[in-house]
């Protein structure tokens, strides 16, 4: 019989080891590392289950709500994504799916520790918001309705009425029905905890600037506010009251020919260092000069500035870390950025609207600007850019100098008939070899931009990339097969406008060992999709959206029907086939 003292000692050692593992586990935040740790043994699995505080689900159909709550009963933060990313570009049917209702039900019933909820590209009803508000009440600290739809201001009123201690409320780029402005008034009257309020890029028209001023006065911890198109002079009282504000985005500056200096006396909070003013023109730009040296983030996506205006402003922002703008910045603007902003970490350059006068050569981004940027801003970690011209040399420069780059996205516009240097095979190889920290990679070109050899380079030299978007790359199925022999850690693959057959796509999927999600639009589609069944396996859902004609408004305001090519969406799911597919989605279950 075992000695009682020895038995007690063994039990004590086990308990001590468990305590140590539990303490260590709290410092493991990368989901992939967490997953690996949980597979060591049953004890580690249980500790991970009990201590995991945050989960992000890249697609809400990959597991059932009750399975998630059983696996991680003590979650404090949950992020759910619904519609595929392509929905942001109007490529996915509005009724595709992504309903939050089953998740809200589970949160209300079983996830009692949850304090932060983030829904992205999902359909949210007023009933969902009301149930969430009543279930979590003052325990809910963060609610993000990120690019969501389906609710009204009644749902928001329920949230702010029942969740009086909410710290973050976000509705950026969401679409909804506005009945009144009671929700903001209620928030202003009864909340003293708010830190972040964001309804940027929304169409609220019935809310009062006075309520924003009251919020600023009552919530001393308010550090970030992003709003819609308020006339900026209506926010003078808000700016005066928001003593601790660090970030502001939105508003509206409207040039008045009869009053050229009407904004010159506008005073911003002294701690403001992240800023974006909608419709700011060159005449209003000087209001930023007094505190430009302290600006860390600048959003110029909706400013009305030309290339030289960018140059003038950027020179005055030597501590800039984040810049978002449009390609009107031009090569000249990027050269100034490279010269003056050595601490830049994130750069996003979107495509400018055609009506903004892009015919001016100054308003174009090309290899010249990219080379200057790579040499001058070597702290860059994120770079997303639309270019009008490109060379292999510019990509090689990025690989040579930007060693901290984790996320790189490049789109080659189709406005120029001739591109200086195609294909980009050698350039992309040099970039991927040099940027060893890359985790996210998007390369969206045009026909002839990348050969099969270049596509094989992407597979060979992307050992750590987890998400990838490829557009108009490769020449044949063989290129895709060579690509699929690499990318050992690729989890999400999106492709558009490629020449691959269904058979090649299915074969490539089976060779990518870590792949969990696939979206393809614009491939050699068949009538039946039968060849896609070669990638069928347990827990792997395959959905098709057949080609369809969709009404779109062109630049002249005319409504015309556009042809949308067929889509493939395939993903791992422990929940099986979803039950809410609309008629526009066809589920592949077995060979036809």
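Numbers here mean position along the shown chain, with the first residue as 1.
Using the three backbone atoms N, Cα and C, a Cβ is placed for every residue, glycine included.
Quick look at what Swiss-Prot lists:
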BINDING   85, 348, 386, 409, 496  jasmonate binding site
DOMAIN    16-57  domain 'F-box'
REPEAT    58-82  repeat 'LRR 1'
REPEAT    103-120  repeat 'LRR 3'
REPEAT    121-154  repeat 'LRR 4'
REPEAT    155-182  repeat 'LRR 5'
REPEAT    211-236  repeat 'LRR 7'
REPEAT    237-264  repeat 'LRR 8'
REPEAT    265-283  repeat 'LRR 8'
REPEAT    284-308  repeat 'LRR 10'
REPEAT    309-332  repeat 'LRR 11'
REPEAT    333-368  repeat 'LRR 12'
REPEAT    394-426  repeat 'LRR 14'
REPEAT    479-500  repeat 'LRR 17'
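Everything Swiss-Prot records as a feature, shown here on the structure.
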{"residue": "85", "record": "jasmonate binding site", "Cβ contacts under 8 Å, 6 or more apart": "121, 494, 519"}
{"residue": "348", "record": "jasmonate binding site", "Cβ contacts under 8 Å, 6 or more apart": "323, 324, 325, 382, 384, 385"}
{"residue": "386", "record": "jasmonate binding site", "Cβ contacts under 8 Å, 6 or more apart": "327, 349, 350, 351, 365, 411, 413"}
{"residue": "409", "record": "jasmonate binding site", "Cβ contacts under 8 Å, 6 or more apart": "383, 384, 385, 440, 441, 442, 444, 469"}
{"residue": "496", "record": "jasmonate binding site", "Cβ contacts under 8 Å, 6 or more apart": "444, 469, 470, 471, 472, 520, 521, 522"}
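Scored by C-beta pairs under 8 angstroms, the repeat 'LRR 5' (155-182) has its highest count with 211-236, from the stretches 211-236, 284-308, 309-332. Note on the repeat 'LRR 17' (479-500): DSSP counts are 6 helix, 5 strand, 11 coil. For the jasmonate site, whose annotated binding residues are 85, 348, 386, 409, 496, the maximal Cα to Cα separation is 21 Å. Here the repeat 'LRR 4' (121-154) has long-range neighbours at 60, 77, 80-85, 87-88, 94, 97-101, 104-105, 107-109, 114-115, 161-183, 193, 206, meaning same-chain residues at least 6 beyond its ends whose C-beta is under 8 angstroms from one of its own. Through the fold, the repeat 'LRR 10' (284-308) approaches residues 247, 249, 253, 255, 263-264, 266, 268, 270, 272-278, 316-326, 328-330, 332-333, 350, 357, 360, 362-363 of its own chain, all at least 6 residues removed from its boundaries and within a Cβ separation under 8 Å. Within its own chain, the repeat 'LRR 14' (394-426) has Cβ neighbours under 8 Å at 351, 358, 366-368, 370-371, 374-375, 377-388, 432-446, 448-451, 453-454, 457, 469, 471, counting only residues six or more beyond its boundaries. The list of residues near the repeat 'LRR 8' (265-283) in space but at least 6 beyond its ends in sequence, with Cβ under 8 angstroms from a Cβ of it, reads 224, 226, 229, 232-233, 236, 239-240, 242-255, 291, 294-306, 309, 322, 324. In the three-state DSSP assignment, the secondary structure recorded for residue 348 (jasmonate binding site) is strand. DSSP gives residue 409 (jasmonate binding site) a strand state.
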